[in-house]
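J.: Sharing a structure with you now.
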Amino acid sequence: MKLKERAKQALQGKVRWHALQMIYAVEYKQAYANVLVDEFLAQSPLNEADNRLLVQLLYGVLQRRYTLDFYLQPFIAGRKVEPWVESLLRMSIFQKVYLDRIPDHAIVAEAVDIAKLNGHRALGNFVNGVLRNFFRTPLRSLADLTDTTERLSIQYSIQPWIVDALLAQFSQAEVERLLESLLQTPFVSARVKGTPADREQVMQDLKAEGYQVSASELSPVGIRVLSGNIVESAAFSQGQLTIQDESSQLVAPLGQLHGNERVLDACSAPGGKATHIASLLPGGELTALDISERKLQKVHDNLARMDLLDHVQLFASDASKFTPSKDGSSQAFYDRIYLDAPCSGLGLMRRKPDIKYTKTPADVTALAKVQDRLLDHMVTLLKPGGYLVYSTCTLTREENEARVAYVLEQYPKMEKVEIQADEVLKPEVLTEAGDIRVWPQQFGTDGFYIARLRKKPLEVNN
């Protein structure tokens with residue numbers, strides 16, 4: 001999308017102009033929606049109401065791309081349309097279909113202005129014609145789609161293979177409930193450093209600053225941010241809280257830390273889990289790894305902001321090859337290991353809607369092999385009697401339960417330690433096998449999986 005200088009100057013204060021650039025960047029330039037939002041809000045020229053509308057437009061268009069194209073295609077069939085103009089038309093149709101407070105004339109007028117200023121007069125006329133034609137034509141009916149997978153794919157804007165994978169696990173009604181939850185605008189979650197009592201005080205302070213927040217249902221130290229940019233709060237700058245999804249906040253306590261252990265966080269970026277573990281280790285040692293130096297810097301910055309660096313070592317390293325000992329051997333070294341493994345990220349489809357359109361079954365298969373390689377090495381680094389907490393932010397059995405089964409089959413010295421009801425606030429997240437499965441439709445959080453394993457203690461011969 002080439003930006004014309006006249007458009008940049010004339011449209012600088014227009015929320016739809018900024019939203020369009022971000023939508024285009026995600027749809028055609030492989031940008032990440034959540035990263036773009038964070039960067040924009042940090043220096044936004046818009047007021048808070050327009051910032052909220054921008055987020056709604058961005059996520060709404062990205063989350064409903066297949067549906068919007070289903071509605072749009074009859075009006076542009078046979079026409080060669082520039083990608084950024086397609087994004088503009090999708091955004092305009094989204095407002096018409098899903099945002100009832102915006103008048104038709106306002107939608108058309110601003111879309112035409114953008115088309116003319118960043119294109120030319122004829123392009124403005126084209127956009128005007130498409131939208132006016134669309135507005136006076138009855139909406140296509142999704143009920144005309146008789147194939148269940150196809151209908152759900154288009155209705156909820158998600159690849160058919162993901163629909164089929166979910167239908168293999170749930171009833172159609174529950175699958176629709178899950179998919180509908182992915183169309184909601186994501187909210188920000190944060191974790192308070194300390195105890196539930198500390199959370200109450202931080203929430204009071206945030207409300208006094210003008211933020212709208214509520215307590216997490218899942219995490220005793222979690223909060224939901226309903227309005228306001230929490231990273232600008234005094235609590236954030238003073239290290240009293242950090243951004244972390246509620247599901248992820250369940251991981252650190254499951255290592256049953258006493259405070260003096262030697263712990264490895266094998267894939268630590270962006271640092272939410274690492275800061276949580278470090279806060280539970282006043283007399284212990286934490287080694288935090290990430291393969292990316294850039295991402296590891298974020299871990300460092302979060303630890304520093306929360307005053308937790310003094311007993312943490314950070315290494316940019318491939319966790320499957322990391323050796324903690326000076327001689328390079330992979331001897332059992334750690335009392336606790338946390339492996340939040342690289343995964344397909346299907347649990348993040350609400351906040352990262354690009355995942356719905358880009359991930360493939362081949363990706364899942366390839367990632368399962370990466371996870372096995374990491375798990376193989378983690379077993380060698382774990383001391384007898386030590387715990388391995390395995391987690392992912394995806395929904396597939398292949399990357400979750402099947403990987404735990406792999407470890408138990410390959411390593412007789414490893415055993416499952418079931419997570420107990422008194423370790424969670426909501427027992428419905430527990431599976432029959434004693435793992436945690438959080439589904440996006442349950443609490444509006446990311447989808448998440450957690451399992452706890454232990455290396456059997458050495459037998460003592462009398």
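Just so you know, glycine gets a Cβ as well, placed from its N, Cα and C.
Feature table excerpt (TrEMBL):
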- CYS393: active site, nucleophile (ACT_SITE)
- CYS267, SER268, ALA269, PRO270, GLY271, GLY272, LYS273, ASP290, ASP318, ASP340: S-adenosyl-L-methionine binding site (BINDING)
- 178-456: domain 'SAM-dependent MTase RsmB/NOP-type' (DOMAIN)
J.: For the S-adenosyl-L-methionine binding residues given in the record (CYS267, SER268, ALA269, PRO270, GLY271, GLY272, LYS273, ASP290, ASP318, ASP340), what is the largest pairwise C-alpha separation in angstrom?
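T.: Those residues reach a largest Cα separation of 19 Å.
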J.: Which number gives the other C-beta atoms within 10 angstroms of the C-beta of LYS273 (S-adenosyl-L-methionine binding site), all protein chains shown included?
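T.: Other Cβ atoms found within 10 Å: 24.
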J.: Which chain-mates of CYS267 (S-adenosyl-L-methionine binding site) that are at least 6 residues away have a CB under 8 A from its CB, listed by sequence?
T.: LEU289, ASP290, ILE291, ALA319, LEU339, ASP340, ALA341, PRO342, LEU374
J.: Counting all other Cβ atoms within 10 Å across every protein chain shown, which of the recorded positions ALA269, GLY271, ASP318, CYS393 scores highest?
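T.: Its Cβ has the most other Cβ atoms within 10 Å: GLY271.
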J.: In whole Å, note down how far the CA of the residue listed as 'active site, nucleophile' lies from the CA of ALA269 (S-adenosyl-L-methionine binding site).
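T.: If we compare the Cα positions of ALA269 (S-adenosyl-L-methionine binding site) and the residue listed as 'active site, nucleophile', the gap is 13 Å.
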J.: Which three-state DSSP class does LYS273 (S-adenosyl-L-methionine binding site) fall into?
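T.: Once the DSSP labels are grouped into three classes, LYS273 (S-adenosyl-L-methionine binding site) ends up as helix.
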J.: Determine, to the nearest whole angstrom, how far the Cα atom of LYS273 (S-adenosyl-L-methionine binding site) is from the Cα atom of the residue listed as 'active site, nucleophile'.
T.: 13
